[in-house]
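Visitor: Below, the features straight out of Swiss-Prot:
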| type | residues | note |
| --- | --- | --- |
| REPEAT | 11-95 | repeat 'Solcar 1' |
| REPEAT | 103-195 | repeat 'Solcar 2' |
| REPEAT | 205-289 | repeat 'Solcar 3' |
| TRANSMEM | 17-37 | transmembrane segment |
| TRANSMEM | 58-76 | transmembrane segment |
| TRANSMEM | 105-126 | transmembrane segment |
| TRANSMEM | 170-189 | transmembrane segment |
| TRANSMEM | 211-231 | transmembrane segment |
| TRANSMEM | 265-283 | transmembrane segment |
């Protein structure tokens with residue numbers, strides 16, 4: 001174990017609350033084209049193209065810039081949703097969970113579920129803008145919203161497209177997804193990392209340990225979150241008629257069968273796998289170098 005790892009094991013270090021959001025922004029900048037293709041696939045009518053066909057179509061019709069449609073909204077989402085859920089989870093771990101129980105899922109799961117719920121609610125408005133901006137170019141010209149950026153999107157939705165009701169469209173499935181994502185992504189990362197270190201003798205300070213644990217966490221998170229993710233995309237991309245989530249679900253099951261809830265699993269994992277690896281890698285690097293922390297804490 002490295003000197004830094006030994007020191008960390010010996011005392012309860014309180015890292016800055018914004019590490020999760022900063023790491024999320026970094027991961028988003030890299031994986032945004034994959035997320036864009038995933039959203040387009042989830043909203044597209046049948047028959048659906050493959051992930052790579054969708055990326056090829058976006059590149060051919062919209063150019064390289066098109067691959068980053070809605071990037072400002074995606075960054076805003078990380079500043080809200082990811083910052084809140086990671087920050088709240090770490091805060092609860094530091095102040096609520098007994099030190100000897102930091103790898104006990106009976107303690108971790110409730111903390112992660114609460115953190116995911118408030119993160120999903122806090123980031124809902126950014127999620128609505130994000131999904132609409134990503135899918136805008138795929139719509140007919142007359143139906144496009146043409147938001148200039150995330151702030152313009154928030155303003156236009158609030159001013160002209162239904163106000164807060166529209167900005168919080170889909171908040172219930174988004175909170176459910178936040179709960180599922182945080183529980184399946186953050187908790188499983190902690191559990192897998194602990195298992196690799198204590199059972200398989202991985203070095204807790206090494207990048208390969210972090211990347212292995214995060215890859216496994218991404219696999220679990222994609223599978224657990226797929227149904228809520230598909231529902232969230234369809235609700236938030238709606239035209240504003242505010243149909244109940246259960247009606248949208250029933251219509252989709254009737255027309256497409258129950259398997260629609262896992263539609264886009266592969267593109268979701270193709271995006272969420274690398275995203276999860278990058279976000280935890282970035283968090284571990286921020287912690288390793290104590291970025292933004294007072295000198296006496298370094």
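Glycine too: its Cβ is placed from the backbone N, Cα and C atoms.
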Visitor: Write out how many residues of the repeat 'Solcar 3' (205-289) are helix, how many strand and how many coil, based on DSSP.
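Guide: Split by secondary structure, the repeat 'Solcar 3' (205-289) comes out as 71 helix, 0 strand, 14 coil.
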Visitor: What average pLDDT is reported by the model for the repeat 'Solcar 3' (205-289)?
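Guide: Over the repeat 'Solcar 3' (205-289), the predicted model scores a mean pLDDT of 82.
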Visitor: When you scan the chain for residues with a C-beta under 8 Å from the transmembrane segment (58-76), skipping those not six or more beyond its ends, what do you find?
Guide: 25, 28-29, 32-33, 35-37, 40, 126, 129-134, 136-137, 147, 149-151, 153
Visitor: For the repeat 'Solcar 1' (11-95), what does DSSP give as the number of helix, strand and coil residues?
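Guide: Residue counts for the repeat 'Solcar 1' (11-95) by secondary structure: 66 helix, 0 strand, 19 coil.
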Visitor: Please count the residues of the repeat 'Solcar 2' (103-195) that DSSP assigns to helix (H, G, I), strand (E, B) and coil.
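Guide: Counting residues per DSSP class in the repeat 'Solcar 2' (103-195), I get 74 helix, 0 strand, 19 coil.
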